[in-house]
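Chemist: What follows is a single structure, and I will ask about it in a moment.
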Amino acid sequence: MAAATPHSPPPQLSSPFLEYIRAPGGLDKVVLRGRRSCSVEIRLFGGQVTSWKNDHGEELLFVSSKAIKPPKPFRGGIPICFPQFGTQGNLEQHGFARNRLWAIDDNPPPLPVNPAIKAFVDLILKPSEDDLKMWPHSFEFRLRIALGAGGDLSLTSRIRNTNTDGRPFSYTFAFHTYFSVSDISEVRVEGLETMDYLDNMKGKERFTEQGDAIVFESEVDKVYLAAPSKVAIIDHDMRRTFVVTKEGLPDAVVWNPWDKKAKAMQDFGDSEYKHMLCVEPAAVEKPISLKPGEEWKGRLGLSAVPSSYCSGQLDPLKVLHG
């Protein structure tokens, strides 16, 4: 059975855990609902998560107040960067997947799933004729977005090379995750210490992280290489820790534009840099290559847990070693 069009939601979307909401201008969305006030919103345009709320109804992802509607990229949430990250190629910045209308995938290939997870949706993207002119490769990109019983969020990407001419293809990729934080100057990232990184502000020169944790006092745009599978973002003021896990994605991008760049971006408030941080599981340094018929799988897992203090300092971060 072929993938349903975005305007014909399949019957299984009618459940207590899912809601399909039609909206003009390509803004149709799916809402996943969990316990209490947990929820996730996904726009079909871009296959993009635009909201993730905890069981208190608090928004955990950043979305700019100046975010532009389709067909422009949407600033915030979790954009999908494919088949190109940043400007590392000839395509538009971050590739075209975030600027395309995805479809509900009503008959996806089997994917192991926790039976306790009831709220999930499967999306699919295939190239249009215009896409094939820009990037001449046939593919199927399947995306499962799931809201766990405890409010955890996961995104699982499966990309298959469907070229019929025997050609392999290569791509770079990122889950461009925008986290909502109280004050960027009170945030630290743990788990990337001692890692090598490419500094995009210094011509992609390679350095080694020296600090005990990453803190923010100015613009940061770094690609951490061979990053660990688990990273933590500690928000002191909110007493909240985001735990980011990744599979199939070797790198981790850390980005905050700071004040000057924020003012230069049309779709970003001048002072909004204070309330966001991007930590992005990615494959940037070494592109992923697929032969015809081969499939790659990458996964992003997000959870938000309370942080505790001890004499003004955080207790040892057990979540990184659990």
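Heads up, the Cβ atoms here are built off N, Cα and C, so glycines get one too.
Feature table excerpt (TrEMBL):
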{"type": "ACT_SITE", "residues": "H176", "note": "active site"}
{"type": "ACT_SITE", "residues": "E280", "note": "active site"}
{"type": "BINDING", "residues": "R75, Q93, R98", "note": "substrate binding site"}
Chemist: Report, in whole Å, the straight Cα-to-Cα distance of E280 (active site) from H176 (active site).
Modeler: 5
Chemist: May I have the list of same-chain residues other than R75, Q93, R98 whose Cβ is within 8 Å of the Cβ centroid of the recorded substrate site, in sequence order?
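Modeler: Near the substrate site, the remaining chain residues are P73, F74, P79, C81, H94, N99, H176.
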Chemist: Just counting, how many other CB atoms are there within 10 A of the CB of R98 (substrate binding site)?
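Modeler: The answer is 22.
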Chemist: Counting all other Cβ atoms within 10 Å across every protein chain shown, which of the recorded positions R75, H176 scores highest?
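Modeler: The largest 10 Å Cβ neighbour count belongs to H176.
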Chemist: Given the recorded positions Q93, E280, which one has the fewest other C-beta atoms within 10 angstroms of its C-beta?
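Modeler: If we count Cβ atoms within 10 Å for the recorded positions Q93, E280, the smallest count is at Q93.
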Chemist: What does the structure give for the C-alpha distance between E280 (active site) and Q93 (substrate binding site)? Integer Å is fine.
Modeler: 16
Chemist: In whole Å, could you give the widest CA to CA gap in the substrate site formed by R75, Q93, R98?
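Modeler: The span, Cα to Cα at its widest, is 13 Å.
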